[in-house]
């Protein structure tokens, strides 16, 4: 996957985001995407090769590895990053749709006509709902993946030694995970940054709702005075 192109597409959402959204995007790129590309893939590159069990029984090591690592951290993180950044692309597409509609309107009615969208990137109407729902979706995706990681890897940690007695293992065998401390540190780092991103998304959603309610109250007060 070309992460450079992926990053370039997402960077366009900066000009349509609030301050909280820009901080969220920076966290995703610097502390999640770059860490994933530069370090995490290398840390987990030897997870199956160096998963050693004290038996020569054919198939035992593979069965035990599949039991303790049902889904790779790397693949889960890749899927999480894709899902959590897709809503930002939807916001860009919504703005592009508004701009194209405005251009068609000007071409049909002339440059002196009344604008449908004076500022296509302003969060009003449908774009406000798209942006708000994107925040809720991003926070929901991160929470779901935090739960998945917790279910698969208790307390988000990896033990040094695991005991396996699944067929075709002849008895209870000891299996050793490659670099468990380093992998645990990276896992906890990604968990903490995910929690921070969830909080930022919820704070930004609360900010948008509060700002909208304040504008509605001010508009209602102005109408009553008139």
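Just so you know, glycine gets a Cβ as well, placed from its N, Cα and C.
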Handout entry: Among ranges 160-184, 185-209, whichever one TrEMBL labels transmembrane segment
Key = 185-209
Exercise for the section: Sort out the residues at least 6 away from either end of the transmembrane segment (185-209), same chain, that have Cβ-Cβ distances under 8 Å to it, and list them. Expected result: 18, 20-21, 23-24, 27-28, 31-32, 35-36, 39-40, 43, 73, 77, 80, 84, 123, 128, 131-132, 135-136, 138-139, 142-143, 145-146, 149, 153, 156-158
Fill in the blank from the handout: Long-range Cβ contacts under 8 Å made by the transmembrane segment (128-150), restricted to residues 6 or more beyond its ends, are 16, 24, 71, 73, 76, 79-80, 83-84, 87-88, 90-91, 94, 156, 187, 191, 194-195, 197-198, 201-202, 204-205, 208-209, 212
